[in-house]
Amino acid sequence: MHFISCCLRRSTVSIAVSRSLLVKRLFCSGWPGDDTIYSLSSGQGKCGVAVVRVSGPASALAVRRLTRSLPAPRTASLRSISHPQSKELLDRGLVLWFPGPASFTGEDSAEFHIHGGPAVISGVLQALGSLPGLRPAEAGEFTRRAFYAGKLDLTEVEGLSDLIHAETEAQRRQALRQMAGDLGRIYQDWTDQLKRCLAHVEAFIDFSEDELIEDGVLNDVDRAVQQLQTDMENHLSDERRGERLRSGVHVVIAGSTNAGKSSLLNLLTQRPAAIVSPTAGTTRDVLEVPLDIGGYPVLLSDTAGLRDTSDSVEQEGVRRARQRVEQADLSLVVVDLTQLPSERRHVPVFLRGHLKNILERSSQQQQHILILNESDLVSAEQQRSIQTSLQELSGAPSACFLSCHSRDGLEELLTLLHNTLKTLCGDPLIGSPTLTQTRHRTHLQKSIEALQQYHEYRDVDLALAAEGLRLGLLSLGRITGRVSPEEILDVIFRDFCIGK
């Protein structure tokens, strides 16, 4: 009894709040209660088939009142759907019944697959709203109930949201991996290891003298905590590939005036998105266009030409251009080949000057591609000479000859772009899943700081060292939304047969 009371006291005072309390803190709302919710789950507007979802204890009642009987579980049944009061026929469609807990939300649930006309959808929703105990669902409430029921952790919830909003193949693949729990399993594995470490330290504090727990237990904890810290730091050092893929790669087209930057934007977007003119300084503001290049999301920006000018409006455009260069993940530096010096020995100096304006404003993580435009106006011999000059430039970025007019070199540029985007974002199907949310990064950094506290106090005050493990566990738990003090006690009872 002494053991149990000590464990309960310690876990109550110092360990993380229970999962239910954590959920309430995260969402600032309580449990679903006895409400049954309904909503249109498919998109708004006219469509061939619309899906209306119902979840909660009155789901069976809703199906019976609208279709007269409950279909077999998880079987699509063709039914007449009528208003429960007027008995007016609303539609004929498929009805599916999912008894809890084997449903998406963990509750009794149902789906009405009906024709997608606005009048049909409105009629079915009004019929459901006329039933006692049913109310329209709030935004994201079905998924929130799935989280409450333990069907999804927070990383899987975020993966589902990302999948819904995915616009490219790479985004879809990353979201699917996260929704399938690949990222959550990494955090859960670290959480399990940290629970074990904390359980061992707490057992050593309370029972080492009475139960003769060996000192070697703490040495094992030291090694495990150090390895956990290393794994977390490696996970953080991903150059933000997952976050970049999720939000889009910022690509800026930069260079001097009249180099062909706007022509390049129009070529890549395959439409006249930017005004093209032989007059220098035509582009004075940033023009941003979303693109899908090889399955990767790109936010492509055309900018004002970089030059000194007395025009106040153009000066502001140049300032914004330089700001975009500083913020970009990838810079496409455009050079007009017809402006190169005639003497080969001056070419490296000319190119170095153009690149300097961009490179000196770029971060170390930023990638660059040098685009040599107007290649159709330069002979093959001149191109070879320019290629030789590029090789003489130390640290020169990858280069590509291109003609925005004839489209020569476009395939080579797209291949180079795709490979660079793959470097920036990674391949979602290869290797460990990467961080996708800023909050993941924040909580992991806090967890690492807490583990460092364990190392600092380990030989000074073991209780303070244990507090570091608790804080680290709390931070990890906030990523997935799952942490419970009872799980610490389970590990203690399993690993230490104290009191037999």
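Note that Cβ sites are derived from N, Cα and C of the backbone, with glycine treated the same way.
Sequence annotations record features per position, and here Swiss-Prot assigns 5,10-methylenetetrahydrofolate binding site to Arg53, Glu111, Lys151, Lys500. The Cβ neighbour count for Lys151 (5,10-methylenetetrahydrofolate binding site), using a 10 Å radius over every protein chain in view, is 18.
Sequence annotations record features per position, and here Swiss-Prot assigns GTP binding site to 255-262, 281-285, 302-305, 373-376 based on sequence analysis.
The K(+) binding site annotation in Swiss-Prot covers Asn258 and is backed by similarity to another entry. Take the CB of Asn258 (GTP binding site) and look out to 10 A: across all protein chains shown you find 22 other CB atoms.
Taking the Cβ of Ser262 (Mg(2+) binding site) as centre and 10 Å as the limit, one finds 24 other Cβ atoms among all the protein chains shown. According to Swiss-Prot, the feature Mg(2+) binding site maps to Ser262, Thr283, an assignment based on sequence analysis.
Annotation source Swiss-Prot lists domain 'TrmE-type G' at 248-422.
Summarising the annotation, Swiss-Prot assigns transit peptide to 1-73 and lists sequence analysis as the type of evidence.
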Discussion item. Considering Cα atoms only, can you say which of Glu111, Lys151, Gly255 is the nearest neighbour of Ser262 (Mg(2+) binding site) among these binding-site residues?
Written reply: Gly255
Worksheet entry | Nearest of the binding-site residues (Lys261, Asp285, Ala304, Glu374) to Glu111 (5,10-methylenetetrahydrofolate binding site) - Cα to Cα | Asp285
Discussion item. DSSP secondary structure for Ser262 (Mg(2+) binding site), reduced to helix/strand/coil, please.
Written reply: helix
Fill in: Cβ neighbour count (within 10 Å, all chains shown) around Glu374 (GTP binding site)
22
Practice prompt. Report the member of Arg53, Lys261 (the binding-site residues) whose C-beta atom has the most other C-beta atoms within 10 angstroms.
Written response: Lys261
Fill in: Residue among binding-site residues Glu111, Asp285 with least C-beta crowding, 10 angstrom cut-off
Asp285
Response to the item:
Same-chain residues at least 6 positions away from Gly255 (GTP binding site) with a Cβ under 8 Å from its Cβ, in sequence order, are Lys261, Gly305, Leu306, Val333, Val334, Val335, His354, Ile358
Worksheet item: Hey, how far is Glu374 (GTP binding site) from Arg53 (5,10-methylenetetrahydrofolate binding site), Cα to Cα, in Å?
Response: 57
